[in-house]
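Note sheet for the following structure.
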Amino acid sequence: MSRAQLTRTGILRMALGGGGADPLLPAEGGGGRRAPFLLRALRIAVVVCLYWFTSIAMVFLNKYLLDSPSLRLDAPLFVTFFQCALTAALCLGLSLGAACGPPCAGLPTLRLDPKVSRSVLPLSAVFIGMVTSNNLCLKHVGVAFYNVGRSLTTVFNVLLSYLLLKQTTSLYALLACGVIIGGFWLGVDQEGAEGTLSWTGICFGILASLCVSLNAIYTKKVLPVVDGSIWRLTFYNNINACVLFFPLMVLLGEFRTLYHFDKLGSPSFWGMMTLGGVFGFAIGYVTGLQIKFTSPLTHNVSGTAKACAQTVLAVIYFEETKSFLWWTSNLMVLGGSFAYTWVKGLEMRKVQEDPNVKSGERNETGV
C-alpha cells in the first residue's frame with residue numbers, strides 16, 4: 001500500500017479491524033433498515049472503483065516523480081519527505097476543520113506532544129524504511145514488475161508471526177506462500193533474461209516487503225499510545241518521518257540535487273508532487289471505505305485483482321513485450337496471494353464460529 005502505499009493503508013486496516021469507528025467513514029445502519037440491494041451493490045462498486053483508481057494512479061504518479069526521463073529528478077527521499085509532510089498537513093487541516101461540522105465533526109483534535117512523539121518513534125523508523133524502500137523499488141524497476149518485486153510481504157507475515165508471535169501457519173497457507181516465492185524467483189529470472197533486471201530494485205523490494213510486515217506489528221503495539229486513534233498515529237508518524245528524513249537527505253546530497261534541479265520553480269512539477277501526496281494520503285481512506293463496505297477478505301481479493309490490472313495497464317502504457325514465463329510469474333504471485341487470502345479467511349471464519357475458542361485466541365487470529 002505503498003502507501004508508499006503503503007502506509008496509511010496498514011494503519012487503517014489495523015484500526016478498522018479492531019478499533020473504534022472512523023469519523024471520516026460513513027456510519028452504518030445502526031439498527032435501521034438495510035439499504036436496498038441495488039443501492040448497496042452500486043455503493044460497493046463505486047468504492048471498489050475508487051480504490052482501484054486511487055491506488056493505480058498513485059503508483060504511476062510516483063513512478064513519474066521518481067524515474068521520469070523528462071523530469072530527471074534523482075531525489076527519492078525528497079519525494080517521500082514531501083508526501084509525508086503533505087499527509088501531516090492534511091491530517092492537521094482535517095482536524096482544524098472539525099469545527100465546521102460533518103463529515104469532520106468526529107475527528108480528534110491534533111496537537112504535538114513530544115512524549116507521544118517519542119513513543120511513536122520506533123514505528124516511525126519502520127515507517128521510513130517502508131515508504132523509502134517502496135519508492136526506491138519503484139524507481140529501479142518497471143511498474144509492470146513492481147507487484148512481483150515486492151510480493152514477499154505475505155511470506156514475511158508468516159515468518160514474523162512465527163518468530164515474534166509464536167503463531168504457526170497451516171499447510172495450505174504455507175503452500176500458497178511457496179507459490180508466491182516460486183513466482184517471485186521466476187519473475188526475477190525472466191527480468192534478467194529480458195535484460196531489464198535491477199538487483200538494486202529487487203533488494204529494495206524485499207526490504208519493502210519486510211518493512212510492511214514489521215509496520216503492521218509495530219502499529220498494533222503503538223496504537224494504545226495514541227488512544228487507538230489512527231488519525232493521531234498517522235499525524236505523529238508523518239511528523240516524525242519528516243524530522244528523520246532531513247539528516248538522510250543531507251547525508252545523501254539531495255539538497256544539492258534540488259539546488260541544481262532545473263524544474264524546481266515549475267508549477268507543473270509542484271502540481272504533480274502535490275497530486276502524488278494527495279493520492280498517497282487518500283489511499284488509506286479509500287482502503288478503509290473498501291473494508292467497511294465489503295470485508296477484509298474481499299479487500300484483499302480486490303487488491304490482488306487490482307495488482308493484475310495495474311500490471312496489464314503498465315505493459316500497455318509503456319509498450320512493453322513480455323514472455324509467456326514472465327506472465328506466468330505474475331500469475332503465480334497473484335494466484336498464491338489469492339489462495340493465501342482465501343485459506344486464512346476460511347480459517348478465521350472457522351475460529352470465529354467455534355464456541356470452544358477463547359476470545360483472546362479469536363482476536364489474535366483476526367490480527
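The backbone N, Cα and C atoms fix where each Cβ goes, glycine too.
The following features are taken from TrEMBL:
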type     : residues : note
TRANSMEM : 41-65    : transmembrane segment
DOMAIN   : 43-340   : domain 'Sugar phosphate transporter'
TRANSMEM : 77-99    : transmembrane segment
TRANSMEM : 120-138  : transmembrane segment
TRANSMEM : 144-164  : transmembrane segment
TRANSMEM : 171-187  : transmembrane segment
TRANSMEM : 199-218  : transmembrane segment
TRANSMEM : 230-249  : transmembrane segment
TRANSMEM : 269-289  : transmembrane segment
Count the Cβ pairs between the transmembrane segment (269-289) and the transmembrane segment (77-99) that lie under 8 angstroms and are 6 or more residues apart in sequence, then report whether there are at least 3.
yes
Ranked first among 77-99, 120-138, 144-164 for CB pairs under 8 angstroms with the transmembrane segment (230-249):
77-99
